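Summarising the annotation, TrEMBL assigns signal peptide to 1-26. What TrEMBL records for 28-126, 134-227 is domain 'Ig-like'. Feature annotation from TrEMBL assigns transmembrane segment to 238-260.
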Amino acid sequence: MGTEGKAGRKLLFLFTSMILGSLVQGKGSVYTSQPDVQVAEDNSVKLSCTYSGFSSPRVEWKFVQGDTTTLVCYNSQITASYADRVTFSSNGITFSSVTRKDTGEYTCMVSEDGGQNYGEVSVRLTVLVPPSKPTVNIPSSLTIGNRAVLTCSEQDGSPPSEYSWFRDGIDMLTDAKKTRAFINSSYTVDPKTGDLVFDPVTAFDSGEYYCQAQNGFGTAMRSEAVHVDAVELNVGGIVAAVLVTLILLGVLIFGIWFAYSRGYFERTKKGTAPGKKVIYSQPSARSEGEFKQTSSFLV
């Protein structure tokens, strides 16, 4: 019974550590009361980190955002880049004010000299920022039968915004077949990327389009509305343009052939002789009535 009791207590300890999101090595344990924290921009926030089983703990905090890792606290001391707005305590770190750039994962690492006792826990911080007005790429006309993509995006929202599209004021949802107004259309909406894809464009897709961005914080923002016309492919115009191009090309080829057949290019070559050099000498003084060749032309 004593062995079973110890095993039960060990399983309970491991289960509790997993629930609190901690990593435990040796006798010490590290955990947080709030592994996922959300706070509005410019507000203060505390990231908690408590530990036990360490006789002489050394606490460090690191910040990971994408591929970049930054040290916030080293050996229980806040680093210089955070010293003006972060304070350290034995149960966490406190930001006096946060910005959207602070969104990311913070890891509290506790150890003792010699590395015999170590534990860590991570806290995910999301700084809430409402979306800005989205920008769109909407052509004024779409060709019936072709594939077309309309895009919508905004860069400020945190967490990232999700997008919805509207035609003539009606929400297009994510599937055309779910709404009677769009039953004859063939499109999909990706709420994560903001892409509206027509595949293919139909004659029923004309209308006024705009998109909306929202992330659950602040007010949803909508883009400018753009009127779109679904038009038939102008086959006649394309054929006419091709014919005109061929005719002009034929006239050009005939002109070159005619010039060659008349010998215009050969005459031009023969008429281009090297330049002649002319030397002129001034006449010398002579008596009246005397005639003597005093000028010469050398060709």
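Including glycine, each Cβ sits where the backbone N, Cα and C put it.
Bear in mind that TrEMBL entries carry predicted annotations, made automatically and left uncurated.
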Tell me the residue counts in helix, strand and coil for the domain 'Ig-like' (28-126), as DSSP assigns them. 6 helix, 57 strand, 36 coil
Reported mean pLDDT - the domain 'Ig-like' (134-227): 94
